[in-house]
Amino acid sequence: MLNCFQKYEINPSTSAYSFVIKYVSHRCLFSQIPVILDHLEQEETLEVPERIFLGLIQVYGKANMLQDAINIFYRIPKFRCTPSVNSLNSLLSLLCKKKESILLVQDVLMKTPEMKIRFEASTFHILIRALCRNGKVGSALELLKMMQLDEYNPDAKIYSMVLSSLCRHAGVTEVLGFLEDMKNAGHLPTALEYNSVIDVLVKEGKVNHAHSLLEQLKSEGRRPDVLSYNSVLHGFCLANDFHTVEELFDEILVMGLLPNIFTFNIYISSLSQQGKFERAYRMISCMDKIGCKPDTQTFNILLAGYSKAGEKEKISGMKKEMVEKRIQWNSNTYSILIDGLIHNCETIEAYGLFKEMLGNGFVPQPSTCNALVCSLCEMGKHTEALPVLEELMSKPISPDAVVWEALLYQFMLDFRRKPVDFEAIIGDS
């Protein structure tokens, strides 16, 4: 096409060049682009618009030709075009998409002063977002300070990104410090952002501080959601502060919030740990009334409580109800029931349930295997204990010393009657 222009002694316009570049790009004829650009660079009378290079950067990006995208960015001034922050942002957005290409960003930023491109708020936004996404929250904070030194006011979105990254990668002190900075900058955190901070506090065992933050959220005229309460409820349940769990659950109802499955499970767990099994069980009816269906975890919590208390009839009733409600068992269900049977000296029943568990494709907990092996050995059932030991040894966790002692003791007692097959005990290893 360019040859046609030359044949008729017509100088192609920038629009013509733009059309040709788009044409070859659309057909992935990337080898032709340098030739066209060389022609365009030699057309000294043409002022080339930046949009042509913006398009090329995007084209190279889609083709994963990142170095070509960088080269065209550096080459922009040679086309009598002054590069702006738009070109820089386009290239940075491209490089920041993948972790591997972020390494190229530093070289680009080092050259921007030579190209007389000044960072704008949008540039900082791209870089901070990439750093937060890749867990480089310390660098993101440094950029945030640099942004303020350049007299740019970070918006709520940037603060939210950094806070979210801090909640994932930093400790309580850093998170709370930044939360105050965010407020001082005039950006009140949303309920969702408060929830993230509350989660961090609860995970680090600072449930009272998390509760204070929940109260602070309300004092600011914000309405906490059920997720806010769930985290604090969970924290107080772990701390065995069941009185506060009761108060918070009542508060949820008074505020007109609808408890979800996690709320109910935490509350039922609190009641079960206090031995209030009847109240805990009645919560299932409450759940049904508001359309919140109990799940496997709900029944597991109740089964664990009944198992510890040795409530055989209640356990039997719960198992039937799970069938009626089509609640599927999981590995935790089996482990709870097996541990309960062992605790109540019903080892043979526990062994039968263990075999059923394996038959259904569930993986037992090492602690369950350990307890079952020891219990079988105490009964002199070392033959039955061997398959359990085999299952345990197939896991990355080795049997503990108590298991080996129990097995060896039983084999020593049986030694006079028949030879010991040590290979069966320790396997090929």
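Just so it is clear, glycine is given a Cβ too, placed from its N, Cα and C backbone atoms.
The repeat 'PPR' feature in TrEMBL is assigned to 120-154 (among others). Summarised by DSSP class, the composition of the repeat 'PPR' (120-154) is 26 helix, 0 strand, 9 coil.
Feature annotation from TrEMBL assigns repeat 'PPR' to 155-189 (among others). Only residues 6 or more beyond the boundaries of the repeat 'PPR' (155-189), in the same chain, are considered here, and those with a CB under 8 A from a CB of the stretch are 121, 124-125, 128-129, 131-133, 135, 137, 140-141, 144, 147, 196-197, 199-201, 204, 206, 209, 220, 222.
DSSP labels the residues of the repeat 'PPR' (190-224) in these numbers: 26 helix, 0 strand, 9 coil. The feature repeat 'PPR' is assigned by TrEMBL to 190-224 (among others).
As annotated by TrEMBL, repeat 'PPR' applies to 225-259 (among others). Note on the repeat 'PPR' (225-259): mean pLDDT across this stretch is 95.
Residues or ranges marked as repeat 'PPR' in TrEMBL: 260-294 (among others). Same-chain neighbours of the repeat 'PPR' (260-294): 226, 229-230, 233-234, 237, 240, 242, 245-246, 249, 252, 301-302, 304-306, 309, 311, 314, 325, 327, counting only residues six or more beyond its ends whose CB sits under 8 Å from a CB of the stretch.
Annotated repeat 'PPR' per TrEMBL: 295-329 (among others), in sequence order.
Same-chain residues lying 6 or more positions outside the repeat 'PPR' (330-364) and placing a CB less than 8 Å from one of its CB atoms are 296-297, 299-300, 303-304, 306-308, 310, 312, 315, 371-372, 375-376, 378-379, 381, 384, 388, 391, 395. What TrEMBL records for 330-364 (among others) is repeat 'PPR'.
Positions annotated as repeat 'PPR' by TrEMBL: 365-399 (among others).
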Other parts of the chain folded back onto the repeat 'PPR' (225-259), taken as Cβ under 8 Å at six or more residues beyond its ends: 191, 194-195, 198-199, 201-202, 205, 207, 210-211, 214, 217, 266-267, 269-270, 273-274, 290, 292
